[in-house]
Amino acid sequence: MALLQANHTLNSEFIILGFGDLAELQVFFFGLFLIMHLVTLAGHTTIVLITLIDSCLQTPMYFFLRNLSTIEICYILVIVPNMLANFLSRSQRMPFLGCALQMHLFIALGGAECFLLAVMAYDRFVAICNPLRYTVIITRALCLQMLTLACISGFTLSLTLTTLIFLLPFCRSHEINHFFCDIPAVLFLACSDTRANEIAVFLVCMLILLIPFLLILLSYAFIIAAILRIHSAEGRSKAFSTCAGHLLVSVLHYGCAIFIYIRPKSCYTPEQDKVVSLIYTNVTPMLYPMIYSLRNKEVKGALRRLLESYSQMRQLPNAR
């Protein structure tokens with residue numbers, strides 16, 4: 001802690017460069033990403049509300065989906081508001097501890113999301129491959145335990161990794177060529193040997209990214225095999241529709257994250273990283289609610305019932 005405070009004294013702030021090289025387009029990008037941000041928040045908030053309110057969606061699958069959307073809302077609020085502010089200026093100053101906190105929350109929430117996606121794959125695996133024992137295996141107590149473990153694991157690993165990174169001396173330029181305090185961008189500024197830190201990043205990413213992703217792929221290998229054994233076309237279609245959205249979301253989420261974090265420091269390319277980071281912090285979170293709602297008849301039905309209830313409530317004052 002003393003080292004952290006000393007480092008804070010020497011490096012009181014970082015300068016987030018963001019997209020200063022696109023000055024003539026910054027207002028356009030601000031408007032574009034603001035709209036995307038609002039659409040994303042509206043989509044995830046809608047999923048949280050309908051899975052809380054609708055009696056037909058009180059199952060483990062929608063319990064996990066609701067918490068995934070809650071984590072996603074927190075995740076984008078950690079990154080996107082600062083990014084939008086950066087579009088309106090050539091650079092943005094961020095205190096040392098503020099940068100550390102942003103990185104910690106970003107990794108923690110991203111890690112919790114990764115573990116939760118793996119839990120959701122296990123839930124679908126039991127539902128498709130062992131349907132008769134589903135209610136016995138996937139109990140409410142187990143759901144709460146798995147959710148708690150996912151969150152605790154994400155925050156614990158994040159705290160360890162963030163502390164290791166911010167104990168490094170930053171004696172080079174304090175300009176972070178990114179739109180937030182991301183791991184590769186901050187490590188790039190360190191002026192000491194970072195090999196131990198890179199190994200720590202790799203090991204944490206193995207735990208957060210590769211292992212859960214491989215478990216998801218293994219689960220879906222069994223799920224697809226089970227779906228192909230279903231004789232009725234309607235049964236296959238229903239089983240596939242409940243799983244396709246989750247599989248697509250997992251591939252998008254893990255694909256971008258693995259590209260950014262599981263590689264050596266020598267391969268760091270700021271401009272390429274910023275583009276990929278824009279995708280997984282802005283585009284994919286916006287797509288998640290659309291993927292789940294378009295592929296899922298129960299979610300679409302719940303949305304329809306919610307809109308009908310809202311319409312009826314608006315008509316009541318007029319009827320009086």
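Yeah, the Cβs are placed from backbone N, Cα and C, and that goes for glycine too.
Outside the transmembrane segment (27-52) by six or more residues, the chain places 19, 62-63, 65-66, 69-70, 72-73, 76, 80, 83-84, 87-88, 282-283, 285-286, 288-290, 292-293, 299, 302-303, 306 with a CB less than 8 A from a CB of the stretch. Look at TrEMBL and you will find 27-52 (among others) tagged as transmembrane segment.
The annotation transmembrane segment is assigned in TrEMBL to 64-84 (among others).
Residues or ranges marked as transmembrane segment in TrEMBL: 104-122 (among others).
According to TrEMBL, the feature transmembrane segment maps to 142-168 (among others).
Remote same-chain partners of the transmembrane segment (199-228), defined as residues 6 or more beyond its termini with a Cβ less than 8 Å from a stretch Cβ, comprise 107, 110-111, 114-115, 117-118, 121-122, 124-125, 128-129, 153-154, 157, 160-161, 164-165, 183, 187, 236, 239-240, 243, 247, 250, 254, 257-258, 261-262. What TrEMBL lists as transmembrane segment is 199-228 (among others).
Packing against the transmembrane segment (240-263) from elsewhere in the chain are residues 61, 110, 113-114, 117, 120-121, 124, 127-128, 182-184, 201-202, 205-206, 209-210, 212-213, 216, 220, 223, 227, 273, 276-277, 279-280, 284, 287-288, 291-292, 294-297: each is 6 or more residues past its ends and has a CB under 8 Å from a CB in it. The transmembrane segment feature in TrEMBL is assigned to 240-263 (among others).
Residues or ranges marked as transmembrane segment by TrEMBL: 275-294 (among others).
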For the transmembrane segment (142-168) and the transmembrane segment (104-122), decide whether they are in contact, meaning at least 3 CB pairs lie under 8 A, counting pairs 6 or more apart in sequence.
yes
Looking only at residues six or more beyond either end of the transmembrane segment (64-84), which have a C-beta under 8 A from one in the stretch?
16, 18, 30, 33-34, 37, 40-41, 44-45, 47-48, 51-52, 92, 94, 102, 105-106, 109-110, 112-113, 116-117, 119-120, 123, 143, 147, 179-180, 281-282, 285, 288-289, 292
